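Take a look at the structure set out below.
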Amino acid sequence: GNSDTGSDGAGDDGKLVLGFSQVGAESGWRTANTVSIQEAAGEAGIELKFDDAQQKQENQIRAIRNYIQQKVDVIAFSPVVESGWDTVLKEAKDAGIPVILTDRAVDSADKSLYKTFLGSDFVKEGRLSGEWLVEEKKAATGDVNIVELQGTTGSAPANDRKKGFGEAIAADPKLKIIASQSGDFTRAGGKQVMEQFLRAHPKIDVLFAHNDDMGLGALEAITAAGKVPGQDITIITIDAVKDGMQALADGKFNFIAECSPLLGPQLMDLAKKVHAGEEVPPRIETEETTFTQEQAKEALPNRKY
Amino acid sequence: MSERIKPLLGHRLFWPIAVLVVMLAANTIYRPGFLSIEMNNGHLYGTPIDILRLSAPLILVALGMTLVISTGGIDLSVGSICAISGAIACLHISEAADQNSFVTVSTALAMALGVALVLGAWNGVLVSVIGIQPIIATLILMVAGRGLAQLITEGQIITINSGPYRAIGLGHFLTLPLAIFIALGAALLVAAFTRRTALGMIIESVGGNREASRLAGIRSGRIVFLVYVASAACAAIAGFMMTANVSSADGNAAGLWVELDAILAVVIGGTALAGGRFYLSGTILGALIIQTLTTTVYAMNISPQTALLFKAVVVIAVCLIQAPAFRAKFNRRKRGTPPPPASSPQRQKEEVTA
Amino acid sequence: MSSTSLTTGPSWARLPRRHVPVLATLALLLVMYAIGVSQYRAFSNVQVIFNVFIDNGFLLVVAVGMTFVILTGGIDLSVGSVVAMTAMVSAWLLQAGLPALLVLVIALLIGPTLGFLMGCAIHFFDIQPFIVTLAGMFFARGMCTFISDSSIRITDGFWTTMAQHRIGNPGGNFVSVSVLIAFAVVLVGAYVLAYTRLGRNVYAIGGNPQSALLMGLPVGRTRIAVYTISGLCSAIGGILLSFYTLSGAPLIGIGMELDVIAAVVIGGTVLTGGSGYVFGTVLGVLVLGVIQTLITFDGSLNSWWTKIVIGGLLFAFILLQRLIGIRYK
Amino acid sequence: MTDSRPVLTMTGISKSFPGVRALHNVDFRLFPGEVHALMGENGAGKSTLIKVLTGVYGIDEGTITLGDEQVAFNGPMQAASAGVSTVYQEVNLCPNLSVAENIFIGREPRRLGAVRWGEVRRRARELLTRLDLDIDVTAPVASFSLAVQQMVAIARAIDVQARVLILDEPTSSLDAGEVAQLFRIMRQLRDEGIAILFVTHFLDQVYGIADRITVLRNGTLVGEYPTAELPQLALVEKMIGKELDVLERIEEQPRRELAALEGGTPFVEVSDLGRKGAVAPFSLTIHAGEVVGLAGLLGSGRTEVARLLFGADRADRGQVAVNGDTTGLRNPVQAIDHGIGFCSENRRAEGIIADLSVRENMILAMQAARGWLRPIPRRRQDELVDKYIKALSIRPPNPDVPVRNLSGGNQQKVLLARWLITEPRLLILDEPTRGIDIGAKAEIQKLVVQLSDGGMAVLFISAELEEVLRLSHKIAVMRDREMVAHLSNDDTVDADRVMQTIASGTQREGGQS
Ligand SMILES: Nc1ncnc2c1ncn2[C@@H]1O[C@H](COP(=O)(O)OP(=O)(O)OP(=O)(O)O)[C@@H](O)[C@H]1O
Ligand SMILES: Nc1ncnc2c1ncn2[C@@H]1O[C@H](COP(=O)(O)OP(=O)(O)OP(=O)(O)O)[C@@H](O)[C@H]1O
Ligand SMILES: [Mg+2]
Ligand SMILES: [Mg+2]
């Protein structure tokens, strides 16, 4: 208990109160996301009620219910899963509290349950990666063997990135995914799976990893197998965290599709607008880009995370 | 069955080994090169070596877990302790000017090990002095410890670039990965400590009947305390390996769910969760079986969607084959002898009646 | 010599002693609630309490089943996955267009069937419950991703009504249908344990399985029954969860088994079996729920501090519970 | 004895455990309306025969006929429903359940499926009153002494409408009064036509109640005899298979004289030691080489005294001086350091470690005293273990079998060996002869005499007053958890006088106060 005694209603001191329920702290990406939101709230003069759901949907629903009880002004959350939010969002709507989704969407049929969605498009990230690869291997003769390191089985980013990538490379019949396995978004997982890929498949041309961490783990496996990452095997990842960008700049990765965690400032703007009753677009995508090795070298010095 | 094979079949380790062999054979049929080992820059290189290297951390954690389980306890906090020790070591190294300095690395290891011992002592005190049920006592650290690990890394992945530290996970010695030797060394050390001294018997005695042991003059509480400390120490070393393997400390992912794997390894190895007799060699085999299972999933390219189903089938098959009752029923069908007692006395712990 | 000090006390004084741990837990829970109320203004809303029940209804049901298993000295690690699988199967079948009632029946049959099979493996082949139910956990979770690797929405009318119907004052305080179902399960569970032969056999087996066997109790049947009951409770929990989230998601309920075991044990049930009450389990679930609620209300905790504080509160609670328990022993 | 057709016939029964042939081609008959004693040394196969009969173990060979039908029970439940009610050797109750529940579990009176708790308690009270036991039936059985638990187990067995009642060593922890009560009920049941199979190591009890005797030796049948036609001596000879003059030797045991041991510092001097709710403050001195007997009825607090002395329970007042130095004996480790050993009456809960081997069980206390860092060398282990396996004739004489596979009496001997190996200066023996066959009992008594002659002090607790009188130099009498008298075991003391003291509780000063 701290200053909350006086402020768990709608800002007694006139401050806007934002209740934010985060998925958890399961990756460096997520932590950067949290930090960005916390910092932005401070800068924007918004009182943030933060809750970490530890990757459990139950905890998130509980948090939203408690925000309703505490009568916060705006609720924002990054849903752990896409579905299952209607009931609690209805309660929020009945209580007259606007809701903003961040990072991941929900599949609710009733779009009036939330004001807007702010975040990245995982399918697009996969597609961008795939499109780059198609372009890169245009000149290649013969089959291009791709191995894929999936994220946690059943998670939205894994499903969507796989989908987007698959759609994009369908454009070129040379490109073949010869193996695809889950590395659980971790370095250790990526490494262990890559080791087996390398043993089982003598000719691997491309590695597509659903995030940087698995790619970084795979790097170690590739090096240990006596191959040169970035040359013998083309490596594509998603996220663009610092270590990943470094690897890209060093020529070990070939391409990264960014998935920016820095939603904080945009979220605070939106919260203010929504609270003031202004109209906001139903879907706002974070500004994201892609990096090649040269771009990474330029961008690296000013990366925040 | 000839008289020669019979004692072999009756041996405690026969069935776990058989399962391991079957799994390796299946892999070899799927991909003939599975078992091949080649020389590469003076290092042996191949899937069997991978399995040994990757199972090293699990073997370590499971060794400690064996002792804990033998006293009738359980340690859920090992995964968190792995993460904490790895995080402390990596943090210290990453902040040092010269990451390759041997002194830096040793200090880092010593610090991390020290913290792990404190955490083990904490578990030990909760269980043996305050008398909290082991599963809950260690659950506290399982939850909070993960938070501590992330507090240390501030939720980021700490990447280091330290040759000596890397060696713990990836270095080689006599053409084999160093990790194998570390696990082997730890196993021999634990074996020596428990079987060369009377410690093993005393632990088993405490696990078998704590009150009777107390009346025989054993300081049961102290023994229970000790095994939790030992378990934490093993987990810490495993944590070093896990982080060294990828040269980075991930407070969230390092050692996640390793406690379940470790318990599974111990139980496959023949140690009963109720406590009592423990079998270190069985535990090591159990860990190898689990790692081989994981590797099999990757090597046979079993789709992630069905990987867990596959695991379920293998685990249940392993246990069925090993269960004496299953084999007895199976044999009876062949020979037509009367049924054994409905429940074997082996599992049922003698209970305190007064 | 004085012999006055030697009286053990009349029987009525001994009886409640068995209940001291549960009473201590209750008292501590109230203290925790009072702390919440004194710290956060909105905490005193009645709806906060109702929400604890709404948000933990399925956990409560699963914990009742787990209480049976732990009372026999066993453990069931499969519950979280079975809950997820039940929700997943319901969502999948509903999506395929089966009628709600049929889906309900099928979904409610899967859990107990799996539980029954696990119970048989444990009893007939004498394999440790930990392993069998761990395999069950892998299996059920595997089935989830096998059915679909992304979540499936439920749009069925019956489900939506069950999910969104508010019992009570619709504008003000209310509970969900699930809460009533959970209460019903709790009452049935408590009755079965206290007043039926099956229930008493459960305690006997937990006390000493060998003796129970020699006393002529149906040890095998009871053992199989508790895993079946736990499977049934998980299935009901899964249905409640599908009401709660109106979907089936392959990754939901990971680690739930630990929460459930923790709740049961905090509620005073001994992991080696033989002693504990369903009422204690209810308290255990509430303790976990209130801890979570306290943390959300605080709203200033960082991700990792959340975990550390949960661990800390758990520790404080168990320590106090234990110390009070010792004092009265 | 009715000479109708037998209610139970077992023919050609064989049963082997890995490495042991427990029963070999054994025949056994039981007639309605008789008490039939099954006799044999420890490990002869008595309990195994009973377990085979009731389906706890499967049979290797042979047939069992109950009434007119051939039966093969798959467990006690089936046996019970066929009318075979059994009290097994080790008390088998659920420690966590109440007394009333232990008596009725599995056949509780019910209405509409719901257990009628009031009825359960009422009937439990009735039943125990029949056995002369007045205890709180709602308290968990674990809170009672072994003797009470034994009575509860018996109560459970006699409540059923059975054709066959099997009692495996039911009297081993009962005192004379309890035994008399039990016998009264057994006779009553016999007169109702129930067939009773009774196992005991007390010859007096056999001749007191049994109509017929079947003797087993080493898993084989020696014969079946009407009690009247088999004199005690012949019975013993048949049991041990040698013409040993055991009985005479026991009779010949000299009445122990209080030797000139008084004077000098006593080895242990207890003053005002007590524990609230367990035993009233008492004082006691024990000299080296002295055997002190503790006499008293069931639940009189003898075990509590022993536990306080050993530090197994913490005393809340009073002092203990060992060799003149006042020390706190606050835990067993300290007691053992001072050369005290304690052999508990409850061998299953507080004695054996069932998982471990005979060897490990034997050396456990010695090893604990040495500390884990200094394991006892294998050679020394073999020496010690072999010595005591021989000395106590433990069977099977293989030190590496798990102790759980030993018969009850042999387990008891292993425990005794555990303490003898530590060469204590004071050995507390709580019911050491419980469940031990007559030959071994004589051996143990001889051993106690030898030990005390060699300078060891012994605190001897036994439900058998005769035994206490025979061995002790002096006797402390317990009553209602209070030490009411110290008697010097001279010519003036006999069983009657001790009984009187127990009954009246008069303070009769013996050799010292
Ligand atoms: N479960 C078992 N496994 C292996 N051996 C056993 C087992 N049970 C009994 N035995 C062996 O069978 C033999 C007969 O034992 P049993 O318990 O029938 O003896 P008993 O006549 O009842 O002796 P006591 O008077 O000491 O109780 C003994 O040698 C014993 O060691
Ligand atoms: N008749 C009884 N009524 C109530 N409680 C009893 C009775 N007999 C024994 N008890 C309980 O059992 C305990 C017996 O004490 P203790 O074991 O010290 O007696 P003991 O003289 O060694 O008797 P035993 O012959 O059973 O070994 C007491 O604490 C008491 O609670
Ligand atoms: Mg016997
Ligand atoms: Mg006693």
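Numbering starts at 1 and runs along the chain as it is shown here.
For all residues, glycine too, the Cβ spot is worked out from N, Cα and C.
TrEMBL lists transmembrane segment for one of the ranges C:130-152, C:199-221, namely C:130-152.
Contact between the transmembrane segment (C:173-194) and the transmembrane segment (C:224-244) is supported: at least 3 Cβ pairs lie under 8 Å, counting only residues 6 or more apart in sequence. Most Cβ pairs under 8 A with the transmembrane segment (C:277-297) among the ranges C:20-36, C:48-71, C:101-124, C:224-244, C:304-324 are made by C:48-71. For the transmembrane segment (C:48-71), the partner stretch with the highest count of Cβ pairs under 8 angstroms, out of C:20-36, C:101-124, C:224-244, C:304-324, is C:224-244. Ranked by the number of CB pairs under 8 Å to the transmembrane segment (C:304-324), the listed stretches C:20-36, C:101-124, C:224-244 are led by C:20-36. Packing against the transmembrane segment (C:224-244) from elsewhere in the chain are residues 57-59, 61-62, 64-66, 68-69, 71-72, 74, 76, 78-79, 82-87, 90-91, 104, 107-116, 118-120, 122-123, 129, 133, 154, 159, 162-163, 176-178, 181-182, 185, 189, 198, 202, 252-253: each is 6 or more residues past its ends and has a CB under 8 Å from a CB in it. With a cut-off of 8 Å between Cβ atoms, the residues of this chain six or more beyond the transmembrane segment (C:20-36) that come close are 43, 266-268, 277, 279-280, 283-284, 286-287, 290-291, 293-294, 297, 313, 317, 320-321, 324-325, 328. Same-chain residues lying 6 or more positions outside the transmembrane segment (C:101-124) and placing a CB less than 8 Å from one of its CB atoms are 74, 76, 78, 82, 85-86, 89-90, 93-94, 132-133, 136, 139-140, 156, 158, 219-220, 223-236, 238-239, 242.
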